[in-house]
Each structure stands twice: as structure tokens, then as C-alpha cells.
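Taken verbatim from TrEMBL:
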type	residues	note
BINDING	H90, D101, H197	Zn(2+) 1 binding site
BINDING	D101, E136, H384	Zn(2+) 2 binding site
DOMAIN	218-318	domain 'Peptidase M20 dimerisation'
Amino acid sequence: MSGVNSMNRTPGIQPERLWGDLMSTAKFGALGETGMRRLALSNEDRQVRDWFVAQCRELGCTIDIDQIGNIFATYPGLDASLAPIAMGSHLDTQPAGGRFDGILGVLAGIEVLRSLHDASVRPAHPITVIVWTNEEGSRFAPAMMGSGVYCGAHQWETVAATCDKSGVSVAQALDAIGYAGEHEPGFMQFSAYLELHIEQGPVLEAENIEIGVVDAVQGVCWLDIKVPGVSAHAGGRPMTMRDDALVAASKIVLAVEAVASAHLPGVGTIGYISAGPNSRNVIPGTVALEVDLRHPDDAELSALENEVTAEIKRICPAAEVQRVWRKPPVTFDSRIVDAIAARTEALGYSARRMVSGAGHDAAHVAGIAPSAMIFIPSYLGLSHNVREYSSPEQCAQGATVLLGAVLDLDNLLLADSRTG
């Protein structure tokens, strides 16, 4: 039983339709001309989720939502006993993000379903497009939260009680936008999972390559640091008698830079700083820092964390260091990676194998289903930035690879089921 095409038409991506969706959905959380602020489980997130559900229902998809708000839109296959081939990504953004991060993978998934629908193609496997909740982690920590809960990396009860900086819990936010589903995490199994994404780095553009075939994702470790000091009058306290928390924090920033530079290709970033009481004429008495460490080798990631922690304690013995999250590096399924590579070659696109520097939901899904990713170039390597951009042609090329890989896997996995 292979896919049936009653009209003898070949499904194909419509680039203008995909680009139109990318531009029109940017109204949900628009920030200036090209930026996005669509935080997880916000009203803007609800608006784009509602749009997604409506589009998928028009294609005849069934909609399922789990307890953490992950959405599963399933296009029926010829054999309902087969586990779906899944595609997906996320709809939430950074506080000042762009129009392509995450949502490209979701909209390309819809475009794949539309292409099948328009050509009257019914694959053997059901095809599911997934919206994962809170991939960014900018409102609720950690990142990749929805996929992490679904795949067993986090306990739902713990995550439900996690609060943002305003004291709103994940459970409260889900209720507020109407996306607290009934399905328990892990309710649906997948035959395979594919995720299309912008590279979020400069390599593909610099090498003039059209498609990145992603075979691994580097590991990540998040640390929260609290640096104590003594608040005092800026004019009344001599320089030799100060305990300035911001001075110590500044040394920690430089230490993270130095340690990461000694563990290349690892990276270290301090992306959040809050000094208190945050007044011009008051010596800072406390500073909070949030650290992001990454490396493609797990042992090196541990070394990064240990050395950064040691440097923090050397600079300020009273500093508090808390590990918020650690995700080891992930290697994707070689068979799925090879299928993507073969489809890319058949289409005549230039390609290279690569490790993802950014974390993605696929890194969690790889623990429960054969998974891999497809990258397209990012303009100047920019992401988590209002200038984030990939061209209409690049987006269409990525979606075309995605469609072809889904159809190839439908046949490949069906053959497996017959012989298995």
C-alpha cells in the first residue's frame, strides 16, 4: 500500500503561498517593521495558535492538544494503524525576535499538507504537524519545554508550577489562552520526525550552500548566578572600601568569555544581567546573571560548566550558582539524515552535513522517534534578532526538501512495516 493519487498529480510546494503565510502570520506579535514579540502562552501566541488550528481543520486534519499545550494536527493516511510521520517546530519567539525562527517549520508543515491535499494524495502513513509549546524559554525556563515534557525529559507536574518573572505559572498561562489540553504527554507515537528550521548561524550563507542536512545538535547548559555585594551611597563610599556586586559580575562576564574561548568550538554567553537597586547614585548590592554554555561534546560541556563555576567562586566566593537546565548533545538517526540528504541531492540543491549550534525540539524528539533536521541559510547568520531573514526562494527550497523527504520516508517505512 503506497500513497494514492486519484488525480495523477504530483504534489508540489507553492512558494508564494508559503511566503504569504510567513508574512501574514507576522501580524501576531509584530514588533516594528520586521521584528516579533510573541512570547510563549501570551495572547499573541494564542492568536497564531488559533490561526494554525483553523488552517489545519480546513485540510481535514484532526486536532489534538496535550496538557502542556502542544498541538498535533494529523492529516489522515491510508493505514490508520501506522504511527504518523511528524513534522513540527514552534510559534513562540524571543522578546525581540524575527519572523522565521520556529514558525517556518510549522508553516512549511502546513504547506506539505496543502500540497498533498491539492494533489489528492493520501500517503500510507498519517502525517502530523506539531506546534511545540515554549521552545524559546524566554518567558518560562527551560527552553524546549513542551517537547521536553512530551518526550519525558521533564515532569509535567513540575513544569506546570514553573513561573515567569511576573509570577504567572505555566498552568495558569495555558488556562488563560485556552490551550490546556487533556491528552497526557507522550500519547502519540511517531514513525519519524523532521524539523525544518533556519540555520541561525552564518555557515550556509558564507559557503553559498542551499541546504544544511543536520546530523546532530550540540549540548547546552544554563546557569543562574547571584552575585552579592553591599549597596551604599555612590559618593560617600571610597573606592578602596566598596563591595560592588557589579564589578564582581563584570569579572565573571570576562571569565565566561575566556573559559569558552579555551574550549572551542564551544560557546559561552551571558544574555541577562539585572543589577539592584539599579539607581545611578547607588553602588550595586546584588547582580543576577543568566549564563548559556554550549558544546557538541558532552565531556567538554561538563568541563565548560565546571571551569565557569570554579571561576565564579574564585572571583566571588559568596556567589550563588544554580544549574537551571542541562541537555546533552544529540546525534540524529542516520537513516533519516540519509533520506534528507538523498532527497536534497535528487532536487539538485547544494548541501552539507552539519551540527546545529542552537537547540531545537528535534533534540528531545530524537529520544523517542527517529529524527533529523533540515536547515536553510540565515541572512548574515542573524537570529533572535529583528533583522532575521531568509529569502522566499530559500524557504521554498527547505519546504520542498521537507515534502520530498516525507514522501520518501512514507514509502521507506511502509516497506519496513511489511517486512518487519
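Including glycine, each Cβ sits where the backbone N, Cα and C put it.
Remember, it's a predicted structure, so these values are computed and weren't measured experimentally.
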### Query
What is the one among the binding-site residues D101, E136 whose Cβ has the most other Cβ atoms less than or equal to 10 Å away?
D101
### Task
Take the Cβ of H90 (Zn(2+) 1 binding site) and count every other Cβ within 10 Å, whichever protein chain it belongs to.
30
### Query
Averaged over the whole of the domain 'Peptidase M20 dimerisation' (218-318), what is the pLDDT?
98
### Query
What's the CA to CA span in angstrom from D101 (Zn(2+) 1 binding site) over to H384 (Zn(2+) 2 binding site)?
8
### Task
Measure from the CA atom of E136 (Zn(2+) 2 binding site) to the CA atom of H90 (Zn(2+) 1 binding site) and give the result in Å, rounded to a whole number.
8
### Message
Looking only at the domain 'Peptidase M20 dimerisation' (218-318), how are its residues distributed among DSSP helix, strand and coil?
### Response
38 helix, 34 strand, 29 coil
### Summary
Residues near H384 (Zn(2+) 2 binding site) by Cβ (under 8 Å) yet at least 6 apart in sequence within the same chain, in sequence order, are Q94, A96, G97, G98, D101, Q200
### Cβ neighbours within the same chain of H197 (Zn(2+) 1 binding site) - under 8 Å, at least six residues apart
S89, D101, G102, L104, G105, S356, H360, M373, I374, F375, I376
#### Entry: Additional residues around Zn(2+) 1, ordered along the sequence, whose Cβ is within 8 Å of the centroid of H90, D101, H197
S89, F100, G102, I103, L104, G105, E135, I198, H360
